[in-house]
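What follows is a single structure, written as structure tokens, with notes after it.
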């Protein structure tokens, strides 16, 4: 069964997935490979609706895999009702990684290599509203929740590896 790592941007989904399995699937990288450009460039060129369609198609593909796979999802994967229904069908294997808004905001502010449009184009208050909206959706889908704030990615991966 596919284990989906859910959570807000900056929480460490990709880093933890890499600790769990060197052959993990990162939905954002899969999408970028399909479109031949960065997601931020695609957003600018084609818009969010086109991106969300690609994201839904990619989610369907990774959930259809027969083998046990670790998947790092994009932070906005839960915005689509169709995606939420697909994720619900992956019952017992949806793992939410959490941290406080302030911790995530600070991480994103310090990350000079990966500047994300959603972060750059909103005030802190607007970004907090996005965080709250998405957290409610993540929590409604999560079978297991792990707070990552005082844990290393390796410790979080060990917790996930020991889950039944």
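Using N, Cα and C of the backbone, Cβ positions are placed for all residues, glycine too.
Swiss-Prot lists 10, 11, 12, 13, 14, 15, 116, 151 with the feature ATP binding site. Listed in sequence order, the residues of the same chain lying 6 or more apart from residue 14 (ATP binding site) and placing their CB within less than 8 Å of its CB are 26, 28, 72.
Among the features that Swiss-Prot reports, Mg(2+) binding site is placed at 14, with the record citing sequence analysis. In the three-state DSSP assignment, the secondary structure recorded for residue 14 (ATP binding site) is helix.
The substrate binding site feature in Swiss-Prot is assigned to 28, 52, 75, 134. Its Cβ taken as reference, residue 75 (substrate binding site) is surrounded by 21 other Cβ atoms within 10 Å in the chains shown.
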**Request:** Going by Cα-Cα distance, pick out whichever of the binding-site residues 52, 75, 134 is nearest to residue 13 (ATP binding site).
**Result:** 75
**Request:** For residue 11 (ATP binding site), identify the closest of the binding-site residues 52, 75, 134, judging by Cα separation.
**Result:** 75
**Request:** Please tell me which one of the binding-site residues listed here (52, 75, 134) sits closest to residue 151 (ATP binding site), measuring Cα to Cα?
**Result:** 75
